[in-house]
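For Arg127, 147-150, 215-217, Gln221, 269-272, Arg449, 460-461, the entry in TrEMBL reads substrate binding site. Look at TrEMBL and you will find Glu143, Asn145, Glu366 tagged as Mg(2+) binding site. If you look up TrEMBL, you'll see Glu143, Lys308, 362-371, Tyr373, 398-401, Glu424, Lys451, Glu457 marked as ATP binding site. TrEMBL lists 205-305 with the feature domain 'Glutathione synthase substrate-binding'.
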Amino acid sequence: MSTTEGKADAAAVEEMARSATAWCAMHGLVVGDRADPRSGTVPGVGLVHAPISLLPSRLPESFWSQACELAPLFNELVDRVSLDGDFLQDSLSKTRQVDDFTSRLLDIHRKMMDANKEENIRLGLHRSDYMLDSETNSLLQIELNTISVSFPGLCSIVTELHRTLINQYGNLLCLDAKRVPGNDASRQFAKALAKAWDEFNVDSAVVMMIVQPEERNMYDQYWLVKYLRESYGITTIRKTLSEVEAEGQVLLDGTLVVNGRKVAVVYFRAGYTPNDYPSEAEWSARLLMEQSSAVKCPSISYHLVGTKKIQQELAKPNVLERFLENKEEIAKLRQCFAGLWSLDDKEVVKSAIENPDLFVLKPQREGGGNNIYGLDVREALIRLKKEGGDALSAYILMQRIFPKASLASLVRGGFCHEALTVSELGIYGAYLRNKDKVIINDKCGYLMRTKVSSSDEGGVAAGFAVLDSLYLTDKVIHGGSH
């Protein structure tokens, strides 16, 4: 067990795993069961415990503090970049030639620019993901997510689970539950949504959550619905993009009305992947919402700031200075940037073909399962070069990060097994501004995901990783650690 000083025996681990899965069922740490066809559409049918790590993963406290300190800086950066429509359009102009999805998003964005659409109330719920690179012993950013940031509901509960297990089996584990940092992500997200609703200032209006037609991760979302209702008296409605198209309209004053209800805030938990737009109806719904006065989380411009291409543009020399003034803050952001290159850079492409293991090839896609690794990088680059033209613009190259692997016990579907794992830390952030007044700019808890070290992809919902929490250590272990 990665976190123990000694080693718990197999029987103790098995007992702990049973306690953990029972606890999950009792505390709503659950997801839909793929084996049940109704689990993604009917709440309360076909549930299994969320895939979890049995104990938290170690991270030196200095890296935890660094990641937390970066959250408000990234929130501010997203907002500043989103206001520069020309920068977004220009940076993504080549990508749009080869990526129809990005092209459609840019079309909506251009319409808003041409209409001179003001977004007075701006709400961002973000997550910046990091790994600890063992080569450089530094915390490096994997990506910045600005749409449909998932797991604030479930990850808040994982910390409680791990504290409970440590308190229950403390004599075996030699661990201190106080070193697992608390995680209030779901309450903080609900608070930010409620504050945006307040600023919109229409008492009868609802928060509308945009969801996929089949959503096995619905319970994560229902935690936010619960807190919005219980703590703020706000009603949430769940709608797919096609339902919005069928039931929605924008009144002359800009108010968005869906199925007879005024909408204050549109919170996207779908709409980030081409699969979410199977027909023109979904695109029509996206445009309709963007044209309305409802607060969008995210707006089309915030969505575009989260693309891989913009991440790569921001990593170029002197680009951060275009958006931020504070030199110290700029230096802190730069410090966590991994190497990022466009495929226009012939030297880097040549280097990646020669040493494919040192790079990851990333397309403009969200949601896990899309990146290219290892020898496939070489094959893909040779193919893209042959295709020529703008084919290369659909991808960026990123420095591959090498986190140190450690043993951990993973529990999925009631089975516990030990494996060599690596972890990825995501820090949630919330940003809310009305005209010139910043109302919220803060970190909001964290997501720890742990996966078998032989797996390149990291998505929990996609089936690659498990939910985890943090165990803070005070020493920096040479060569990186978790």
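Positions of Cβ are set from backbone N, Cα and C atoms, glycine also.
Remember, TrEMBL labels are computer predictions, not curated facts.
TrEMBL feature annotations superimposed on the structure.
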residue: Glu143; record: Mg(2+) binding site; Cβ within 10 Å: 20
residue: Asn145; record: Mg(2+) binding site; Cβ within 10 Å: 21
residue: Ser148; record: substrate binding site; Cβ within 10 Å: 24
residue: Arg216; record: substrate binding site; Cβ within 10 Å: 20
residue: Ala270; record: substrate binding site; Cβ within 10 Å: 20
residue: Tyr272; record: substrate binding site; Cβ within 10 Å: 23
residue: Pro363; record: ATP binding site; Cβ within 10 Å: 18
residue: Tyr373; record: ATP binding site; Cβ within 10 Å: 15
residue: Arg400; record: ATP binding site; Cβ within 10 Å: 20
residue: Lys451; record: ATP binding site; Cβ within 10 Å: 24
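Of Pro363, Tyr373, Lys451, all annotated as binding-site residues, the residue with the shortest Cα distance to Ser148 (substrate binding site) is Pro363. In this structure the alpha carbons, written CA, of Pro363 (ATP binding site) and Asn145 (Mg(2+) binding site) are 14 Å apart. Sequence-distant contacts of Gln221 (substrate binding site), defined as residues of its own chain at least six apart whose C-beta falls under 8 angstroms from its C-beta, comprise Gly153, Met209, Val211, Glu215, Arg238, Arg269. When the binding-site residues Glu143, Arg216, Ala270 are compared by Cα distance to Lys451 (ATP binding site), the shortest distance belongs to Glu143.
Taking Arg127, Ser150, Tyr373 as the binding-site residues under consideration, the smallest Cα distance to Glu143 (Mg(2+) binding site) is found for Arg127. Rounded to the nearest whole angstrom, the C-alpha distance between Arg127 (substrate binding site) and Arg400 (ATP binding site) is 20. The two recorded residues, Arg216 (substrate binding site) and Asn145 (Mg(2+) binding site), show a Cα separation of 20 Å.
Cα-Cα distance from Ala270 (substrate binding site) to Asn145 (Mg(2+) binding site): 13 Å (rounded to the nearest whole number).
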